[in-house]
């Protein structure tokens, strides 16, 4: 497929003017060639007779002068990948790094699709560190407003995305979830007494998992718990809104992703002095990917499919 053919196909959805559409299409093609979102390198793969400097300026001007509708982009992703009206497995995640003197902290909601994560919605947080419940709710509500709550098959998240208010909101909104929790989280045992949740999975051997029968009280919510003992000895403990035979396999969809966050080195490769403003960073976010995850998550990704329920 050449530039013109791709431009015509995309324009049928976006409806931009020809010059803008051609520029956008050239950037897409270049992205596959150079495999980076660094604007200077992107300009090298840009199909044009103009000088490299002119191509670089054109790309920068595209992001600086044109306001992209991210709702439209999210809709295009769903349409382009033919996701139709089927329920979607969503992954919520956050990545934080420094770009020059500026902190970049992005909260992102993606759809899991054939082993990758397709970004649908994201928000630049005006701070360092973890997201809060309000920020997560806002991101989820933007998805719900556009696509509907019924499109959510399950929300997958790691240990950052926990807490009484957050779990209460998910239950109130009837959003299915599978979320990893910390081992020192308090939950009730079979007698209704509060204990550290890791005590409920004492005796698990590496590679074994256990699904507790019935719901337990966690952050004042009735939550179903399960765990897998990783080969490094660490427990991977999962909280779900309802009973599942193999929650680890469900959570495994998250670690099939491998490209869910922003590819930090590519974004940092753009000189902070060249393009200023967090709005541009947000626009570039739609181009990026990453393979960063915690060491224990790498172990889990290799193990989860081999586990059997006790």
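Using N, Cα and C of the backbone, Cβ positions are placed for all residues, glycine too.
TrEMBL: automatically predicted annotations, no manual curation.
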Among ranges 62-84, 131-153, 154-176, whichever one TrEMBL labels transmembrane segment: 62-84
Range among 85-103, 104-122, 180-198 that TrEMBL annotates as transmembrane segment: 104-122
